[in-house]
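Working notes, beginning with the structure itself.
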Amino acid sequence: MTDFGFEVGTRLDGRHGRTGVLTTPHGRIATPAFVPVGTKATVKAVLPETMREIGAQALLANAYHLYLQPGSDIVDEAGGLGRFMNWPGPTFTDSGGFQVMSLGVGFKKVLAMESVGVQRDDVVAKGKERLAVVDDDGVTFRSHLDGSKHRFTPEVSMRIQHELGADVMFAFDELTTLMNTRGYQEKSLQRTHEWAQRCLDEHERLSAARKHRPYQALFAVIQGAQYEDLRRKACRDLAAMRGGSGTEFDGSEFDGYGIGGALEKSNLGTIVGWCCAELPEHKPRHLLGISEPEDFFAAVENGADTFDCVNPSRVARNAAIYVDDGRFNINTSRFRRDFTPIDETCDCYTCANYTRAYIHHLFKAKEMLAATLCTIHNERFTIRLVDRIRDSIDNGRYDEFKAEALGRWQGSRQPH
Ligand SMILES: [Zn+2]
């Protein structure tokens with residue numbers, strides 16, 4: 001008995017998309033669902049109660065950040081992530097793999113500019129130090145906070161995520177980019193599979209040792225970049241994988257699958273489709289890191305059930321606002337005397353009570369409330385969009401809703 005399950009609801013005709021219900025020890029998630037990100041166990045500038053009010057069904061935190069600060073042992077002592085941050089609903093943590101290799105490495109910052117557009121496997125710019133080194137056993141990296149040296153292996157990631165205690169965890173994988181060569185992608189995929197097996201074994205062992213805690217589900221992560229054969233093989237191999245810990249959980253499967261890694265916007269739907277054609281129907285599928293309306297439609301109709309992204313709150317702090325008619329910046333002077341809400345059709349607290357002129361003023365005056373009000377709106381916009389996609393599948397009018405929503409989104413990048 002694991003208290004974790006997934007049930008498929010309405011299927012989208014002729015495609016992999018579906019609605020469903022994901023059950024966790026901390027509650028249910030109606031899917032498709034957007035999962036807002038609270039990197040360090042907080043959605044920046046917003047109370048957890050407010051996240052609940054705007055319809056967030058679950059939150060995702062980052063294992064890498066919480067491992068460095070305050071330490072996963074402290075979160076464990078607090079009773080797990082949800083209790084620590086006063087969020088009673090379901091929680092997710094990522095494996096830390098993405099952050100150790102992107103933040104640790106200084107990935108984007110140290111890319112050599114002359115290598116853009118060229119496939120190479122070692123693209124550190126001249127004069128910059130590589131801050132993370134991957135080997136077959138794990139990753140050694142330096143903290144982005146204080147430069148201290150750390151090492152993540154599949155077993156370390158599992159221990160950290162069990163201590164954090166989220167309902168859904170992800171297997172530790174290697175991050176590659178579209179710039180890596182095909183040869184490197186193959187080698188990396190093999191490594192990610194070996195790590196997936198080690199994660200599953202360690203997860204079984206920790207689940208048996210920590211029976212005083214609610215069951216935590218483990219999702220495998222599918223890599224393979226833009227290569228169809230690699231993506232499909234990764235899905236088949238991970239779906240067939242079984243744990244071998246010798247504990248009472250021995251022989252268990254992954255509880256779900258995360259679709260990760262290098263994805264170009266133009267082929268996102270195609271890649272999700274390849275994966276979902278291979279993955280078992282009765283297991284949930286999470287797509288890591290998307291937040292734009294086009295991407296949600298592409299991902300949902302090709303079979304993804306849940307998504308996370310830090311963008312709605314990150315861009316809100318820079319005065320960027322999402323509405324049905326596109327994205328705009330509330331910081332520009334034309335809003336100085338605009339006494340209408342951000343979006344008259346939005347049901348969020350910000351739109352019910354505040355004007356564009358006031359929010360514009362808060363940004364100009366560098367007031368903290370600006371971030372709070374804009375984050376509330378952007379998170380509500382994103383959650384509500386995915387909720388409307390889910391309803392449209394259940395009501396048999398997905399294609400109509402998609403045409404209408406994308407028509408408005410792409411038709412105008414400025415509000416009236
Ligand atoms: Zn709003």
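Positions of Cβ are set from backbone N, Cα and C atoms, glycine also.
The substrate site recorded in TrEMBL comprises D94, S95, G96, G97, F98, D173, Q223 together with one of G55, G258, G261, namely G261. Record check, TrEMBL: Zn(2+) site residues include C346, C348, C351, and the candidate from H282, H286, H377 also listed there is H377. H377 (Zn(2+) binding site) falls within a helical segment according to DSSP.
On a Cα basis, D308 (active site, nucleophile) lies 16 Å away from G97 (substrate binding site). Each residue in P341, I342, D343, D347, Y349, T350, A352, I376, R380, F381 lies on the same chain as C346, C348, C351, H377 and has a C-beta within 8 Å of the C-beta centroid of that Zn(2+) site, without being one of the site residues. Candidate recorded positions: D94, C346, C348, C351. Nearest to Q223 (substrate binding site) by Cα distance: D94. Taking a C-beta cut-off of under 8 angstroms and a sequence separation of 6 or more, C348 (Zn(2+) binding site) has the following same-chain neighbours: I54, I376, H377, R380, F381.
This prediction places the mean pLDDT of the domain 'tRNA-guanine(15) transglycosylase-like' (17-408) at 92. Close to ligand 1, meaning a Cβ under 6 Å from one of its atoms, are these of the binding-site residues S95, G97, C346: C346.
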